[in-house]
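A short worksheet on the structure shown next.
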Amino acid sequence: MEGIFAAYVLPALIIALKSVVLLVVLLIVVAYLLYADRKIWAAVQLRRGPNVVGPWGLFQAFADLLKFVFKEPIIPSGANKGVFLLAPFISAVLAMATWAVIPVNESWAVANINVGILYIFAISSLEVYGVIMGGWASNSKYPFLGALRSAAQMVSYEVSIGFVIVTVLLTVGSLNLTDIVLSQNTGLGTMLGLPASFLDWNWLCLFPMFVVFFISALAETNRPPFDLVEAESELVAGHMIEYSSTPFLLFFLGEYVAITLMCALMTVLFLGGWLPPVDVWFLSWVPGIIWFMLKLCFCFFLFAMVKAFVPRYRYDQLMRLGWKVFLPISLFMVVATATFLKVFGLA
């Protein structure tokens, strides 16, 4: 009996505990990133932003949570009730499930699997189904148009993101996210005789792919200037028009968790994960999770600034950018990287 407990029950309990801790921390982080997003946007527009609930408005996100939870969920009379309620649940759960393999520090992941990046790409590809189901089940034109746009947009930019990831995998030689971070201890900087630093991270040697990944991540998560799925001036709120109360909250949560995931992926693939910017003793003393969170917040700040400054693209411009600009660039970089590694015997 003790052998069964040690072999099966205890590992399952540990994974369940890790998952609960990850979920709680993730929801708190998302709440304050949403607060930061609103504050940054307000500052750009010379407004104060959230400033009533708690000191400096720090508890505004939790007040919004209570507001949504206690509202009555309204289901349109012509909607497919089962699919209508299932769609936001799928969107939120899939977005949170991808975080299981993200290492916020060395050996700090719910599941440190050897195909971590493949797992993320597979799960995130399924998130579009939540949007499509919600748009179709609402039995309304605007949500359906938003869902159709979402399907085309996400599929288009997943291609570019996939080739960016292939380029990183060629340079690292592993699908394990921890290995990808540790490989950035050495790079261009150390080849020039400098100590390990931010010059070794992949953002420098793969800078074109870093830019492609950043812009594609904006499109993949429906962030401005690529928020055609829920364009307020055209579709009011896109696939979420008919949603209210907790179902709307789940869609909104899934969207911001996906944004946070893209920021974390950018940190892991290009910004050295939990590695300090310079390998000196007083920076190495800082816990790796602190560096990871600082880099994640920096990436989110870039997302917020793009939202504040860049006007929305037309739909044809969005598609042209994905298929006629990013796809050729990413394909060329895959071929160029593979050729470079083969010619110089680094493969």
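A Cβ is built for glycine as well, from the same backbone N, Cα and C atoms used for every other residue.
Keep in mind that this is a model prediction, so the values were computed, not measured.
As recorded in Swiss-Prot, the features of this protein are as follows:
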TRANSMEM  13-33  transmembrane segment
TRANSMEM  50-70  transmembrane segment
TRANSMEM  82-102  transmembrane segment
TRANSMEM  115-135  transmembrane segment
TRANSMEM  161-181  transmembrane segment
TRANSMEM  198-218  transmembrane segment
TRANSMEM  248-268  transmembrane segment
TRANSMEM  286-306  transmembrane segment
TRANSMEM  325-345  transmembrane segment
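Same-chain residues lying 6+ beyond the ends of the transmembrane segment (50-70) with a Cβ under 8 Å from its Cβ atoms: 31-32, 34-35, 38-39, 42, 245-246, 248-249. Counting Cβ pairs under 8 Å to the transmembrane segment (325-345), the top-ranked stretch among 13-33, 161-181, 248-268, 286-306 is 161-181. Tertiary proximity for the transmembrane segment (13-33) is limited to same-chain residues at least six positions away from its ends with a CB under 8 Å from its CB atoms, namely 58, 61-62, 65, 96, 99-100, 110-111, 253, 256-257, 259-260, 293, 297, 300. Long-range Cβ contacts of the transmembrane segment (115-135) within its own chain (Cβ-Cβ under 8 Å, at least 6 residues beyond either end) map to 83-84, 86-92, 94-95, 97-98, 100-103, 109, 143-148, 150-151, 154-155, 158, 161-162, 165, 169, 175-178, 180, 220, 229, 238-240, 243, 251, 254, 258, 261, 265.
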